[in-house]
Structures are given as C-alpha cells and as structure tokens.
Amino acid sequence: MSGNKQNLHTTKNQFLNEKHTTLHSLLTYMNKSTDFRNFPFQKDKAIHVYYYESLVDEKKIQANIFPYLENKKYRGLERLSLDIPSDNILITKDLKIIEEKLLSGYILIQLTYEKENVLLIAAFLEHNRDITAPEIEYSVVGPKVSFIEDIVTNIHLLRRRIKLPHLQIKEVVVGKITKTRVAIVSIDGITDMENLNTVTQRISDIEFDQIIDSSFIAQIISDNTSSPFPGLIDSERPDRVASALVEGKVAIICDGSPHVLIGPTTLPEFFAAYEDYFLPWHIATAFRLIRLFAVLFSVLITPLYVAVLTFHYQIIPIDLLGTITTSRKDIPFPPILEALILELTIELLREAGARLPVKIGQTIGIVGGIVIGTAAVEAGLTSNVLLILVALAALASFTTPIYRIANTIRLIRFPFIIFAQFWGLIGVLIAFLFTLGHLLRLTSIGRPYTQPLYPPRWQDLKDSFIRLPFNKQTNRPIFTRAEDSGRMNANRANKKRGKRK
Amino acid sequence: MPNHANSDITQQVSPFLIFFIIHASQVGEGVLSFERFIAEKAGYDSWISILLTGIIFSIAIFLICKLSIRNNGEDLIAIHQSLFGKYIGGFFSLFFIAYFFLITMTVIRSYIEIIQVWIFPDLSVFLFSLIIFILLLYYVLGGLRIVVGLLFFSIFTTTFLFSFKYVAFTNGYFSNLLPIMDHSFTEILQAVEPMTYSFLGPELILVYAPFIHQFQKGIKWAIIGNLFTMLVYFLSAFAIFLYFNEQQLLQLSWPTLHMWKVIDLPFIERFEYVGITLHFIAIISTAAIYYWACTQSLFRLTGLSFKKIATAILIISIGFSFFIHDFLVVEFIMQKISKVGFYIIVAYFPILFLWQSILLGVKKK
C-alpha cells in the first residue's frame, strides 16, 4: 500500500521534472513542435536562430534583426548585441532562463564558435483586444473603462489612476503547467502588511496545475472554500480597484483574466455599486437601501408565501385573503409545489438565457417569460400572485452590482423554501439564523465578513449600507487595518469661497 | 478553527459588547410571562419589585466583575480552584455546569411549549429540538465571538418587538394602577424571587470574562445593560398592567402574546404569529450563550476537546427532550432553576466574594 503511494508520488507531474542537461537536447526537444523555427545564417552557418513563430512578431525580427545577421562576421555575442537596436536583450547560458524566455516570446541566437552562451532578444507578438466599457458592472455616469485579459495593460490602468511610487507590484508565477503571471498589488504605507503577507503566502502556495482565470485563485485562496458566499470581490472596473487600493486593500491581477480580485472584503461591499460614489450621497444611500431591500425580498418572499399560505393564513388581512384565495382556488398543488415549479422555471429561463447567444437569448426570455408565465396561470397550474412574486424576486436578485453574489442569493432561497414547508414562519427564521451563523463565521483574508455590522464599527457604517458625503469620510475603513488610517484632515479644508448668502 | 483555550485578541470581543451580552442573555422566555408571576405576589404594586430586582442585580454584577478582576480576570473554574482547591472547587464548577445545561434545556423546551400552544399544536418536539440544537451547536462551535454576534443582532429584534407595547398606552386604563402601595413591603419583596428568573444571565460573566478585551472597562457596560433590561421590564409590566386588570392577568399564561393580538397593522392581521417568530431569536440567543457557557466550563474543567463536549451536550439534550414529554415536569424544573439562580445571585456570589476577600487578606499578611 505504502509502496503504491510512493509510486503515485513519483509519477505525478514526473514529466515536468525531466531536465534537459544540455542546450542541444533542449533545442532538439523543442524542435519536435512544428511551430518552432530554427535556421542558420551565412554561408558557413556561423549563426543559428531559434524561436517559436507563434510567440514572436516575425515582421519585427525580419526588419530589425535579420539584416544584422546576414553578412557581417562577429567575433562574439557581445559584439553582436551592441549592433542590434533593441534594449531587451541578454546573454546567458542558464538553461532554465533560456527555456522560460523562449516560451515567452524571445528569439535565441547562437554562434557556432561560441556554443556555451546564447543571445536572447525580445520580440513579443502582442494580440490584445481593445479596452472597452465595463459590461457586468456598467454605470451610467462615471468612467467607462474596464480591465482586459492582459496583465500589463491592467497594471497600466491602475498606475494611471494612482500616481505614486508607493504602488507596489509583486509578481508570482502560479500553476505548474500554465505558469500564469499573477500580480499582487498594494500601496506601501497604507496596506496592512499582515493582509499582504497572507495573500502572498496563499497565492505562492497554490499547488494547482492550471490557473486560467482569477476566479480560480479566488476559489483556491478564500478562507472558506465551501461557502456559497464569495470570499473576495472581483471587479472589472479600474476605478473600483484603485479606490479599494487607496482604502488599504490588496488587489490580485491574474494574467488572462479581465477581473481583478480585491480583499479583504465585507458583505455590505457586495451591495455597493461603484456608481454610488458618482452620485450625491443621499441618492446613493437611497439606492443602496433599495438594493438591500431587494436582496432581502428576493431571498425571503417565496419562503414567506409558502409559510403563510401553508400554515398561517390568519396573518393575511381579510381583504387581501380574498384576492389570494381567488387566484389560488383552481390550483391543484400545495403552495410548496407551486413555488418550486415556478422557481425552477425561472432558473431554467435564466440558465438558457445565459448559455445561448445574445439574440436567441432575448427571444427565449420573451417566450419563457411571457408565454409560459401567462399559459401557466391560465392553465391553472400556478397562481398569478405567486407568479408576480417569483418574477419580482428574480428581478431583485439581479440588482446586486457584483454578479457573483446574485448567484448566491438565488440559490440560498431553496433551503429557505424547504424550511418554510416544515415549520412555517419559524422554519424561515431557523433558515435565516443558519445563514446568519454562517455569515458570522465567515472571514475574508482573516477579517470578519459581516463588518461593520458585527463586530460593530460605527465609523465604518458611514460607507456601508449608507454613504455619507466625502467630507465625513475622514478615515479609511477600520477593517482593512490600514497602516495610515487618515484620508484627510477635515480641519485643514478651506471654506468654499464665492458662496452667496 | 477558533482556539477555545487561549483567549487571544482574535477571540476577544470589545468591552461595550457586554451591554448586548447581558441584555440578550437576560431577555428570553421570561419577558412574555413574568407579569403574571409577580402580580401573583404583589399585585399591581409589583413594578417596585422590578426596580428592586434590577438594583440587586446591578450590585451582583459589580461583585461578579470584582471577583474576576481580583483573580486576574480569570473565569469561574479558576476562581473556584484558587478558592476551594482542585476537588471541592471542581465540584462547585460541576454544579454550575449542570445549572447552565438545565437553563439551556428549559429555555428551549418552554418556548416549544409556546409554539405548540399558539402555532403548531402537533409539532414534533423531537425533530424540532434536534434542528434547534444543531443550530445552537453551529453557533457554539464558532466560539464566543460568533455567539455574541447572534446576541448582538437579537437585541434589535427584541427592541423592535418591545416597541409594540405602545398599544397598551393608547388602549389601556390608567385607573388599573390605582390605588398605589396597597401591598405590604414583604409582599413586594416576595415578588423579587419570581422576577429573578427573567433577570438571570449576569452569572455568565464569570465564564466569558477572559474573552472580553480590557475587561475592566466592561463593568460599566454590564451595569448599563442590566439597567436597560430593568427599563424594558418595567415598561413592559407597566403596559401589561394598564391593559389587563388584575383578575384577568392572573388567568393569562403569556400576557404579552395576548396583547399582541390587538395590534392592527394594514398588512398583518394577527401580529402574534410574527411576534412569536421574531421573539424566537431572543430565545435562541439566550440558549446559545448558556450552551456555550456549559461547553466552555466543561472544557476548562476536563480539558477534553471542545467539539466533542459540545456534541455530547447536543446528544444529551436531544435525549432529554425525547424522554420528557410532560410540560409540567419542565415547568417544575424551571421553577427550581429559578430558585437556584436566585440564591446564586443573592447568596452564593456575595459569600464567594467575602471568602475571596478573607483569603486575599490572609495572603497580604
């Protein structure tokens, strides 16, 4: 048994441990792939060039590098490197570096007379889409820029917004096979070192073989990996991420992902759209409260319907009871079945809409929403009161600015419905208390998830479910444990001039 | 996983949260029914007994906090050990553990009775208490911080429910209270004892004291929490006395629930269903803190794994609710516990305090 285990251990990822001992064997191995190019220059084949045509901009090298190789005789690589007009150039004999550079878009030049050292010249082929407007976190007012799949562009977008040398990037390569570049961004002097160290440690200890997207990282490093609630916020808005960095949070950028992770985070932040900061504070507060209401409504309304109609019809006022009885009098199912059928229909429509191409998706929405909904009511399978409630609940779940939490909200409704069927209102309460207990136990990078509600931080409440004006936000949030906690000195702000009395 | 043995900063709560812990552990099932018990003894003059009990408890809280502070902020187990030695002290601690356990049980069981009487006459006690205890276990295993979180949120619901007592002030009769002081002082003193059951909770301070950051600062919050409870009870009793006359009150098991019946909201016809549901949060939080205290004390006493102890208590509780069907037995236990709690507060802790003072005096010499 133990011998078997040992065996497993050695066979796992064994091919990665095969080291090429000579440059020659490495290059012959790479040459097995058909996109690897290798050809000599000059009559006596004094110079050899190797590169991956899929990674290198061939036009660039034909114009800028090859002319220097064709005629002139070089004594050594040093001499050659001086001639070539490129700054990203290095001479090395380290096989590990050679392998890494070749795979990231360098070309390799070897002289027949100087077998040991080789010359590496950068000639990256860049294929990036343009920076576009955010799609998931769209805002009507405010900047219309979103991150793209390229890590360098993403860092560029952040540096454009935070013009400080203190903005520090720490790059780690994770994923044994994908070798994904991951940048951990923080501001020296603001970000808490403990948070930064926790994030760095967790990311560098990732053992998974492929890191395709930042959500892989989020799932692997979050504190409770089996929680339905997201442990880190993912945002596609550079303004949101820059603002989070200034508040003392840590950002994680993953190459190949247009979503940047922010942590530590708290539950109220998932209900704060970045657009709230572009609006006057009372309007923003009203919007945030509407979102909070929407979430509670979305989670609770169907369970309450089931609970009240199954057990406590006495609660309903007499006039409303008439309306509900009329709409339900031909329904052959108990409320629980009625509710589950409708909830499942909505989930089906949403899932179909999300998988289909945009134009067909819209048709499906109309067919599903209007035709099936009306037909179900007319056929007497569901009551139209419940149809209204379920549709509203589905709508309400999409008011959250961060898409990830909308999924959570839609799914935690089902245990609530089942509890409601068992013990009515008390069942709903028990389900709620289980959720509350779970939220209280959750942490994000070691910081409590329910802050600033519990543990109560009165000071942080002014930017949570409500948002007070900027001149009241004199301190950074407590939960990020920012090393420099002050945002501004309110006493030093000058009075506005030119105000008419 | 929380570390239950060492109360380092990540396990501690702020001193002002004692306000919430005290208030939430006091307000439980008692607030729905205490008016009848005190009116039995001292009629409509028993509001004086509420104030009296509140003051007695404030003094007791002060003594309890001092007990802990004079012993370097340690908990009950350590205090017992240092005052009575390992074995006798351990015996006293065991007694407290049984007391905490019985309170957890009776609080949950008596609320199940309310649910059976008012909402679900054929509720399966076994299945329901199983779910409730699993819920409690989930909170307790999270450590004190999580339990206190529940207590913190429960205050908002109980205060919200308390605000509905306003109907008594609009519909009640002030003449009910007259004549004032037609009961003797001994009768008023007698009403203190049944009142104690609703005030129990501060004895837990000695279990969670090591988990309070800067415990010394918490004393004032503990006393304020207790006075807030007193105010809530006082206004509750006042409202009930205004609304029901004395003869009627003695017939009602849960006067508050009867009063909720008259609340008339445009979208809720029978408020007592909503009220009983929301008040369940207060019950769960009271039970949770006692459950935690029971587990924590046993953990400190025996050194076994916290998780195993909590699970064992869960199994015993389920067994308990499986075998005791008769609510009269539960009510009997409840009355006895109430008495025990009364003597713990007015006799045991003062004696413990004196004994500690004597020992400290001897040590100084």
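Cβ atoms here come from the backbone N, Cα and C positions, even for glycine.
Copied from TrEMBL, the annotated features are:
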TRANSMEM  B:47-69  transmembrane segment
TRANSMEM  B:90-112  transmembrane segment
TRANSMEM  B:118-139  transmembrane segment
TRANSMEM  B:146-168  transmembrane segment
TRANSMEM  B:188-209  transmembrane segment
TRANSMEM  B:221-244  transmembrane segment
TRANSMEM  B:273-293  transmembrane segment
TRANSMEM  B:313-334  transmembrane segment
TRANSMEM  B:340-362  transmembrane segment
Leading contact stretch, B:90-112, B:221-244, B:313-334 vs the transmembrane segment (B:47-69) - CB distance under 8 Å: B:221-244
Surrounding residues of the transmembrane segment (B:313-334) on its own chain - C-beta under 8 Å, 6+ positions past either end: 101-102, 104-106, 108-110, 112-113, 125-126, 129-130, 133-134, 136-137, 197, 291, 294-295, 298
Beyond the flanks of the transmembrane segment (B:90-112) by at least 6 residues, Cβ under 8 Å: 28-29, 76-77, 80-81, 84, 123, 125, 128-129, 132-133, 136, 200, 203-204, 280, 283, 286-287, 290-291, 293-294, 297-298, 301, 313, 316-317, 320-321, 324, 327, 330-331, 333-334, 337, 340-341, 344
Long-range Cβ neighbours of the transmembrane segment (B:340-362) (under 8 Å; 6 or more residues past either end): 56-57, 60, 63-64, 66-67, 70-71, 79, 83, 99, 103, 193, 196-197, 199-200, 202-203
